[in-house]
């Protein structure tokens, strides 16, 4: 375990860095700054970050089969053409809830984009409860709502055999599993596979490795944890130099690097002086496991 190395790759202080996804074609990490209203791309070749500003909180980004990106923006699914810096709305949800926005999202193995909503926060993790829902954007650009009464719709991924959907509603302090039908995208039979311990704090973004284990970023916990969803046991903890770790994904040439986003929103001057790297993007190497390449949206 001593070979684990943590380095900062993007030292800008993002307000809420989120939704990292590896873009193999560009040799780049794509991610968002939710309240900073930016979609960012860090090149592993040039080590430079490009950013595109948008007109609403942007909470997740995914690859698109066409070569561009699809994003969740405010309460919209939208297309982002990177070169043209052009955003076009695909579909609108939660039209009756003016105070809502999307949060985390990810594309399933069949190319559908799953993403959930939440109420805008008063302060980090403080918000009107049960206002969110989980949605899927299908490849024909239709939208299906799975369920509502969600607090903070967050991390999501699928088991290696594509029969289980893993999902986090942050304020339940639980990582949940659903039976998953790859043909239809339907989910059912919800159950908890891991309950977070007090020092792990709030479960946020999540990804899966090639051994079928889950990696969960712990917001206010300053760590990512590796879980076995079969046994409900925590296998590993990797601590970071920032409290507000928000999400994680595997990337790099062989998907052996774990990229972790973080946030600085809600931290006062004294807290930020203790954690000068808050809001930065980190790369963890030497974990000895690899991740699964992201699926592109099939629309």
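Keep in mind that glycine also has a Cβ here, set from the backbone N, Cα and C atoms.
Taken verbatim from TrEMBL:
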DOMAIN    16-264  domain 'SMP-30/Gluconolactonase/LRE-like region'
BINDING   18, 154, 204  divalent metal cation binding site
BINDING   101, 103, 121  substrate binding site
ACT_SITE  204  active site, proton donor/acceptor
Including all protein chains shown, what's the count of other C-beta atoms within 10 A of the C-beta of residue 121 (substrate binding site)? 17
Could you check which of the binding-site residues (101, 103, 121) sits closest to residue 154 (divalent metal cation binding site), going Cα to Cα? 103
To test your reading of the substrate site: which residues beyond 101, 103, 121, same chain only, put their Cβ within 8 Å of the Cβ centroid of those residues? 34, 57, 59, 100, 102, 117, 118, 119, 120, 127, 152
Are there any residues at least 6 positions away along the chain from residue 204 (divalent metal cation binding site) with a Cβ closer than 8 Å to its Cβ? List them or say none. 104, 154, 155, 168, 170, 216, 217, 218, 219, 245, 246, 247
By Cα-Cα distance, the member of binding-site residues 101, 103, 121 nearest residue 18 (divalent metal cation binding site): 103
Enumerate the residues of the same chain, 18, 154, 204 excluded, that satisfy the criterion Cβ within 8 A of the mean position of the Cβ atoms of the recorded divalent metal cation site; list them in sequence order. 19, 103, 104, 152, 155, 168, 170, 205, 217, 219, 246, 247
The mean pLDDT across the domain 'SMP-30/Gluconolactonase/LRE-like region' (16-264) is 97
Indicate the candidate from 103, 154 with the smallest number of other Cβ atoms within 10 Å of its Cβ, considering only these binding-site residues. 103
